[in-house]
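Q: Dropping the structure in here first, questions after.
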Amino acid sequence: MTTKEAIADMALEAQEEDDAGPPDGGFRAWLVVLGGFLAYFVTFGMLNSFGTFQEYYGEKLLPGRSTSEISWIGSLQLFLLFIGGLFFGPVFDAKGSKVLFIPGTLLLSLSQMMVSLCKEYYQFILAQSLLFGIAVAMLFYPTISAISHWFHHRRGLAMGIVLTGSSLGGIAWPLILERLFAVVGFPWGLRIVGFISFALLAPACFMVIPRLPPRKSGGLSKADLSEGLKDRRYWLTVVGMLFVIWGMFIPFYYIPLFAMDHGVNSSFANSLISILNAGSFVGRIVSGALADKLGR
């Protein structure tokens, strides 16, 4: 870090000390929540709908591939999403949200257009796993970081509202995808989805804005990082999240195939993904509000 950057960070720290803190409301803060809702509707809504792709690929596009091989397409998406925090978190700290949100929006729409052209397994890995996974990471981390800038005492509620976007997306996308595949076919179905995604994410690029200015040095110092890594509460959270995430996405990937193996027709089996996502809608808001009241 240069002397100039150090001085800039010292000035920023002084500004933060004088700052009254997150407003916990107001037009600008709730606009960030709305932008996050739109982002999660597209990103996690689509991730939560992978079971639709899993079933369709096995039946139509990749019949020679095993269920395990096809599930790697979705699994790599999740890997890139979560590992992406190591790279995109510091970028947000140093540059703000737009430098991630705008290219992330373009990359996500591009990935869906590219998936519409895929015919071979490796092409799906490149377009749907690699491009889409990176794009989701570029949108995910600025959103959760910006929410913490604007909310403190009501952060759980705000994040719960944002997360309902993933529930509503998980309800809508399986039904939309199934209908589009039946009416216009897979290629044009994905292109239409790409246009819809862009239309929803474009305004979010200008809604999800941090309250605090970026740090020129790129976020935490080595001393801050070292102190955080020594905190037992941090490691308890990490271990807890490991077990939560470990099995969380399995139903979203496999419930249609499981249902069809037990005699359920393919259309209703696909609808089970929407039903599964609907079950999480109320819980996301209620659990967030309770976290604010009872402690996080």
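Backbone N, Cα and C atoms are what each Cβ position is placed from, and that goes for glycine too.
According to Swiss-Prot, the feature N-linked glycosylation site maps to Asn265. Per Swiss-Prot, the feature transmembrane segment maps to 30-50, 72-92, 98-118, 124-144, 157-177, 180-200, 238-258, 271-291.
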Q: Between the transmembrane segment (98-118) and the transmembrane segment (238-258), are there three or more C-beta pairs closer than 8 Å, counting only pairs 6 or more apart along the chain?
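A: Result for the transmembrane segment (98-118) with the transmembrane segment (238-258) is no.
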Q: Most CB pairs under 8 Å with the transmembrane segment (72-92): which of 30-50, 157-177, 180-200?
A: 30-50
Q: Sort out the residues at least 6 away from either end of the transmembrane segment (30-50), same chain, that have Cβ-Cβ distances under 8 Å to it, and list them.
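A: Distal contacts: 73-74, 77-78, 81, 101, 108, 132, 135-136, 139-140, 143-144, 146-147, 149-150, 158, 161-170, 172-174, 177, 197, 200-201, 203-209, 249, 252-253, 273, 277.
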Q: State the residues, same chain only, that lie 6 or more residues beyond the ends of the transmembrane segment (180-200) and have a CB under 8 A from a CB inside it; answer 'none' if no residue qualifies.
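A: Long-range Cβ neighbours of the transmembrane segment (180-200): 38, 41-42, 46, 56, 60-61, 105-106, 108-110, 112-113, 115-117, 173.
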Q: Where does Asn265 (N-linked glycosylation site) sit in the DSSP three-state scheme?
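A: Asn265 (N-linked glycosylation site) sits in coil per DSSP, no helix or strand.
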Q: Using Cβ atoms and a strict cutoff of less than 8 Å, what residues sit near the transmembrane segment (157-177) while being 6 or more residues removed from its termini?
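A: Same-chain contacts beyond the ends: 29, 33, 36-49, 51-53, 56, 143-144, 147, 150-151, 189, 193, 196, 252, 270-271, 273-274, 276-278, 280-281, 284-289, 292.
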Q: Using a 10 Å cut-off, grab the number of neighbouring Cβ atoms around the Cβ of Asn265 (N-linked glycosylation site), all chains included.
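A: So the Cβ neighbour count for Asn265 (N-linked glycosylation site) comes to 10.
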